[in-house]
Amino acid sequence: MTHTTVITKRSLVPLLVPLGAGALVAVALGVYGKAHAPTGFSVSVAGFSGPLAMKAWLTTGAALLAIVQVLSARAMWRRTGTRSAWVAPLHRWSGRIAFLLTIPVAFHCLYALGAQYDSPRVLIHSLLGSFFYGVFTAKMLALPRRGLPGWSLPVLGGLVFTALIGLWLTSSFWFFTTLGIRL
Amino acid sequence: MSRLGPVYTLAAGAVIVVALGAASVKAAPSFQQVGAGQDTTAAAPPAEPFPAPSQEPSDQPSQQPSGDPAAKPDATPKKADYAGVVQGNGGLVAIAVRDGKAIAYFCDGRIEAWLKGTAENGTVTLEGKDSLITAALGGGKAQGRLQVGKAKWRFTAPLVKKPSGLYRASAVVRGAKIVGGWIVLPNGQEVGRVQIGGSGEPAPRFVPGTAVDYYGITLRPEEPDDFIDELAR
């Protein structure tokens with residue numbers, strides 16, 4: 001999925017490498033999830049009653065930080081008014097922590113379980129998971145580039161946020177509403 | 001903003017992935033953790049600590065000396081329960097035979113497979129998702145081969161009596177199907193997993209005759225008599 005149909009004065013060329021790299025990441029994760037035989041087990045974050053609970057809570061942490069991401073991004077992109085000096089670091093570090101929180105989750109998903117297409121929830125979750133890391137990679141690689149179309153970062157960031165919330169709904173929300181809210 | 005900041009972020013994620021991967025590959029199978037320290041189970045003669053099974057090559061050409069030539073299949077038993085260790089894997093396998101029907105469960109704490117099939121002419125043939133078992137019944141044991149995915153192992157599973165053997169608990173909780181499987185050996189060794197909604201994790205410890213608490217949900221493991229018809233349909 002690219003945005004090449006949108007005509008802007010700025011060039012789309014600087015977006016090509018981030019989008020290409022992101023697409024590669026997404027496809028690679030999906031292929032790995034399908035091709036690799038699930039081990040049913042992975043080393044992970046200790047302290048929870050099981051891998052499912054661990055994943056439900058880490059994803060919830062990442063989703064809450066993702067809301068911080070949207071609010072701080074809004075503050076950064078506001079056209080009027082002065083911008084507090086702490087908004088950018090807040091955005092940067094909440095994003096970093098959210099990303100790192102997702103890593104043990106995705107690792108267990110892909111290494112221990114693999115991509116599955118049996119039920120709608122799991123199918124959507126598998127596809128969104130691959131998409132999330134693809135679009136996150138694209139956003140990270142696009143950030144330092146100059147001369148991007150003005151909509152690039154909001155669109156990429158919005159897609160990252162949407163994918164993460166979709167992942168939360170198809171995992172943590174399902175876990176909490178099925179098994180109850182427990183550590 | 002540092003131009004390299006986002007790259008560092010991605011790199012940090014990649015480093016964690018590599019660390020988790022290395023740790024997971026090295027980690028001992030959770031089966032051995034499950035099997036450890038479980039000699040407290042009553043009514044079982046104290047057993048030798050389990051020999052490290054992973055040291056046996058999985059493609060060992062033949063069974064232990066007690067094996068093949070003597071094992072002439074008896075008549076197919078009407079009712080029999082077998083449970084034993086999978087050579088080269090260390091997981092457990094259990095087979096239950098009832099009136100020509102057969103079910104089996106394999107679990108090493110990480111991967112598991114439910115299989116169903118038939119028992120006739122002194123052999124059982126069972127199939128499950130990506131899994132296959134063929135075994136000869138006789139001489140007080142089931143002896144055969146197990147294939148899960150691309151992995152193949154041999155096993156010898158002696159006849160076992162309650163409370164040893166195979167257990168299964170199933171429940172539907174708010175639309176999610178939960179299936180737990182356990183194998184209990186006479187020496188108290190046990191392994192089990194619970195699967196839920198396309199995912200799964202090691203099962204809580206199960207003491208035969210009691211219920212199991214899984215995230216506050218009460219699972220009641222049943223003996224093969226109670227679920228073989230549901231499974232082997």
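In case you wondered, yes, glycine gets a Cβ from its N, Cα and C as well.
Curation plays no part in TrEMBL annotations; they are all automatic predictions.
Among the features that TrEMBL reports, transmembrane segment is placed at A:12-32 (among others). Among residues of the same chain six or more beyond the transmembrane segment (A:12-32), those with a C-beta under 8 A of the stretch's C-beta atoms are 2-4, 110, 115, 126-127, 129-131, 133-142, 145-149, 152.
If you look up TrEMBL, you'll see A:52-77 (among others) marked as transmembrane segment.
According to TrEMBL, the transmembrane segment annotation covers A:97-117 (among others).
Within its own chain, the transmembrane segment (A:123-143) has Cβ neighbours under 8 Å at 14-15, 17-19, 21-27, 29-30, 33, 99, 102, 106, 109-110, 115-117, 152-153, 156-157, 159-160, 163-164, 166-167, 170-171, counting only residues six or more beyond its boundaries. Annotation source TrEMBL lists transmembrane segment at A:123-143 (among others).
Taken from TrEMBL, the feature transmembrane segment covers A:155-176 (among others). Beyond the transmembrane segment (A:155-176), the same-chain residues lying 6 or more positions past its ends with a Cβ under 8 Å from any Cβ of the stretch are 3, 52-53, 55-57, 59-60, 62-63, 66, 69-70, 73, 98, 102, 121-122, 124-125, 128-129, 131-132, 135-136, 138-139, 142.
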